[in-house]
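As recorded in TrEMBL:
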{"type": "TRANSMEM", "residues": "36-58", "note": "transmembrane segment"}
{"type": "TRANSMEM", "residues": "78-96", "note": "transmembrane segment"}
{"type": "TRANSMEM", "residues": "102-120", "note": "transmembrane segment"}
{"type": "TRANSMEM", "residues": "187-205", "note": "transmembrane segment"}
{"type": "TRANSMEM", "residues": "212-236", "note": "transmembrane segment"}
{"type": "TRANSMEM", "residues": "256-277", "note": "transmembrane segment"}
{"type": "TRANSMEM", "residues": "289-311", "note": "transmembrane segment"}
{"type": "TRANSMEM", "residues": "317-335", "note": "transmembrane segment"}
Amino acid sequence: MADVEQSAAVPDGSSTGSDAVNGTAGRFVSGAEGTALAYGSLLLMALLPIFFGALRSVGCSKSKSASDMPETITSRDAARFPIIASCTLFGLYLFFKIFSQEYINLLLSMYFFVLGILALSHTMSPFMCRVFPANVPNKQYQLLFTQGSGESKEEIVNYEFDTKDLICLGISSVVGVWYVLKKHWIANNLFGLAFALNGVELLHLNNVSTGCILLGGLFVYDVFWVFGTNVMVTVAKSFEAPIKLVFPQDLLEKGLDASNFAMLGLGDIVIPGKYIYITCFLKKNTRTYFYTSFLAYIFGLGLTIFIMHTFKHAQPALLYLVPACIGFPVLLALFKGELTEMFRDESATVKHIHVYTEKNNGKAARSNKKTYKELLLCV
């Protein structure tokens, strides 16, 4: 979905429309320490959303109400996803060729400003529940929009929130304004990490087979659009949005004003992350497959960075991540004689939904899962 790459351009939001990483290798030659720091930081930032997103998703309570069951990505959805992603990517390419890049990116900045605030606020919510002072009133609010009247009245928006949520929204709004005005790489990463964590936490695959179909399709998508055409790179250089993680390789020389960045697209985190998460449920009372997939991701991303650094050329990370994330668990299943069971296991289905519990008062507060999922799918 996205590539790992070096860039000499300031991260003014330039990012992969659907998932590519921008830029071309810069002329500035970073020191070995700065380069190692950048690559290590990218690897760490990629692992955090996967681990904590999976942890938050597993830790959520389960609802028995059918109306609360989240929609999942089925095998049919997974097979169509690379086609939809390709059409979207090529559509963006045509837009940037036909219309003014300045105006398109202005609209995108406003769009991702709203999405980023919502995603970051949702990410901060569990932490805010722990640090919120007990002696401060936590008032409840409801935002309700309806259409029609009487028996034909229909709810358009019905969102419940409280004082803690308002504080999270306030803090997130400050980050959003900072990003829109300065396009600073730290603000970019805060939004990017929030998008990635929410994606891993809230998006669902119904089984391992679906995950393999999705990863396999996006493997072909990534390789084709990176090596076969200049479409992804062109969109990557033109697209301004916080859908990548960046870290400066010249941080030690230039501090926070550094401009020579290594980058990683969020697609290389969220999609493998959901596959890694679903391996949690392959065997009861054990996380062997989860830890194997997690280590495979580290290996695959590390190999991507090594190849990119060696050949000084952007790499489609899924080219290395997909064989590693699928291959390692499959080899483990073959060794343990559980391959058939691995691909028919249905335990990680839609029954795992998200009902967040406020520990202070024990009252379950359901988040608007459908809304967040729709927003993340838009990204």
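Glycine too: its Cβ is placed from the backbone N, Cα and C atoms.
Curation plays no part in TrEMBL annotations; they are all automatic predictions.
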Annotated stretches the transmembrane segment (187-205) and the transmembrane segment (317-335) touching (3 or more Cβ pairs under 8 Å): no
Highest-contact recorded stretch vs the transmembrane segment (256-277), from 36-58, 289-311, 317-335, CB pairs under 8 Å: 36-58
Positions whose Cβ lies under 8 angstroms from the transmembrane segment (317-335), at least six residues beyond its ends: 1-4, 212, 215-216, 218-219, 222-223, 264-265, 267-268, 271-272, 275-276, 279, 282, 288-289, 292-293, 295-297, 299-301, 303-304, 307, 341-342
